[in-house]
Every structure is written in C-alpha cells, then in structure tokens.
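One structure is given below, encoded as structure tokens.
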Amino acid sequence: MSAPGSRLARLREELTRLLHALRLPVLSVFTAMVVGGVLIALSGGNPLEAYAGMAEGAFGSPRAVSETFVWSTPYILAGLSVTLAFRGGLFNIGAEGQLALGALAAAWAGHFLPRLLGVGLPALLHVPATLLAGALAGGLWGAAPGWIKARSGGHEVISTIMLNYVALNAVSFLLNGPMKDASPGNVLSRTPLIDEGARLPALVEGFRLHWGFPLALLAAALVGWVLRRTAFGFEIRTSGQNPDAARYAGVRVGRTVILTMALSGALAGVAGAIEVSALHHRHELGFSQGYGFDAIAIALLGKAHPGGTVLAAFLFSAMRSGATRMQYLTQIPIDVISVIQALILLFVAADTLVRRIYRIRGERERLVLTRGWGG
C-alpha cells in the first residue's frame, strides 16, 4: 500500500474508533435530556422552549459564548485532574478540596507574598508565582492520599473524601481568621484583593474571557501527550491497568501512584488559582460552584480521555452558562440543570442500561477506575 493510502487507512481507522468511543456518551447525554424534558413537562414547562433558552444563553451572542468558555476553564482543568487519576487506576474524589486549597494559595501569593518579601513583583513573575502556588498546594494535597495508598494500601476514595473535609474546613478557618480581609466594614469570609500584577488579563477586551481558557486547553494537550508519548505516561497507564505487570516491567508502582495523585491534585489546584487570578481576584468562601465534584461526571462522560474531557467540560459549562437565560425565559427553576447533569452521570455509569435501551451489542468498553484495597 502506498504511503498516502496507508495514512488514509490509519485516518479512517482513527475516525471509526473515535465514533465508536463517542457513541455511548452521546446516547447517555441524549437520554438524560429526554428524561429531563419529561420532568420539565410534568412540572408544567415546555421542554423545547427550555432547551432553546439554554442554547441561547450559552451560544446566542458573543458574550454568551465568552461566558460559556469562562465556565469551561475550571471544568476542563478539574476534569483533567480526575481523568489523569482514572488513567492510573485511581479515583480522585478530592478535586474539590485540592481546588479550594489551590485558590487559597493563589490568593496568598497574589496578596501576601509581596508584603512578606517587602517588594512588589512584576506581572511577568507574579502571575506565574500565583499559578505555581496553586499547583503546589493542590499537588501536595493530592500527593497525600497517593502516599497513603502506596505505603499502606489505604483506599484513595476514602482518603480523598476525608481530606476534602479537612481542606474545606481549613479554608473556612483561614478565610474567617488569619487571611480574612481586614478592610473596614467587611463581614464576608474572603481574602484581600490580590495585586494587579498577579491578575491574568482578559483574552478579549470587554469580555470576562481570560487567558486561563487557552491555558486549560494547553493543559489538556499536555496531559494527552504525557499519557501517550512519554515513558511516565506508560507507567501511569500500566500501573492503572495491571500493577503486577507494571512491577514485572520494572515500574515503581508506589512512586507512580504518588506522582499521579500529585499531578492530579496540581491540575485541580491550578483550576482554583486561575479562578482567583483571572476572575474573582480574591478567594471568597463558596466560590467554587462544585467544580471538583462535577469534574467526576465530566471525566466519566469523557471516558477518561483528555479530548473527551474537554468536550464534556464544554457541555457542562454550556448548561451552566445557559441555565440563567433558560430560567428567565421560561421560569423553569435553574436546579433542573443539576438534575440533568445527575442523569447524565447515571446513564454514563450505568452504560448497560443505555445499551439495552438502544439495543447496542458488542464488547463492553473496560475502564479501570480504581483498584481494590492494598492494590
């Protein structure tokens, strides 16, 4: 076969594989939307008007598209955090706590660090330092359950859930105590504003869209490259699929588990840092909107693939961005979006149900999400 013919055959094979991989997620979303439409109709609303209003709110104007991309930035990074852990056979439920600590560390670096050093920092140094602080905080918090897993076999699902509580309550204490904004009249649980030099600039003048969005896309490309093209990515995938085979191949599985969870936490930490640096310019209690928990559904919907995670993040961000417009036009409660997202997660997790509904045959796709105790 000639070289052009060989490339065409490979391209056709890749396209077929992609369409096959997208089949169940797309049908899961469609089924969730249908069930959501039934619930809207039972509550007295018009499903078509509701979904049209949602689409208008997400894509109906340049500003709407900008807001959708703004929502997608933390979703992409937090989704990648969970995706990376999935590929290593680990279940990182701690992204919410890692994101909160990353945001707090970014607020500290953005406001308190220059005062600690006694000198102002130029934006060229201050912005990277702010994002790096978020990555380090999230990474260290992610490494902790990885270390527990590697040393004692303690299940990361339990440890990340528990560490979420520790992180969120620690953040609450600091925002109400040592790091609280001491401005006269302030009664809110929040840090002071970060310095101008620590703020990520807007990507488009007059819109909230910021440089964190292309950074999130770059992170997705980087995660995909690491997993597919590097020796460390091979170690992550092998340790996740078969730890015994990985050890036989010379992989230090314990070390890989710790590093995978650390990188997973770092991605979540950067998500929080970007929210502080680009949008809120401070850490305020409760700003997260549950990004870290939604990230689990996003990673599952994306089949633990970086590209799929980006697409799933866009879907969730479009729903969140368009929800307000939907409520304004149809008076349907905005909470219906959370119901639809929960239904999406249900149908993605219970893919056997989707296969039976649409009479899909063939071998089930196998994704190792987490290993057992001591694995």
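Along the chain as shown, the residues are counted starting at 1.
Backbone N, Cα and C atoms are what each Cβ position is placed from, and that goes for glycine too.
Owing to the predicted nature of the structure, the values given are computational and were not obtained by experimental measurement.
Taken verbatim from TrEMBL:
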TRANSMEM  21-42  transmembrane segment
TRANSMEM  69-87  transmembrane segment
TRANSMEM  99-117  transmembrane segment
TRANSMEM  123-144  transmembrane segment
TRANSMEM  156-175  transmembrane segment
TRANSMEM  209-227  transmembrane segment
TRANSMEM  257-279  transmembrane segment
TRANSMEM  291-316  transmembrane segment
TRANSMEM  328-350  transmembrane segment
Need a quick answer: max count of Cβ pairs under 8 Å to the transmembrane segment (156-175), which of 69-87, 99-117, 209-227 is it? 99-117
The transmembrane segment (21-42) versus listed stretches 69-87, 99-117, 291-316: most Cβ pairs under 8 Å: 291-316
Who are the chain neighbours of the transmembrane segment (99-117) in space, where the CB to CB distance is under 8 Å and they lie at least 6 residues beyond its ends? 74, 78, 126, 129-138, 141, 167-168, 170-171, 174-175, 179, 191-195, 198-199, 268-273, 275-277, 281-283, 287-288, 291-292
For the transmembrane segment (123-144), find every same-chain residue at least 6 residues outside the stretch whose CB is under 8 Å from a CB in it, and list them. 81, 92, 94, 97-99, 101-106, 108-110, 113-114, 159, 163, 167, 194-200, 258-259, 261-270, 272-274, 276-277
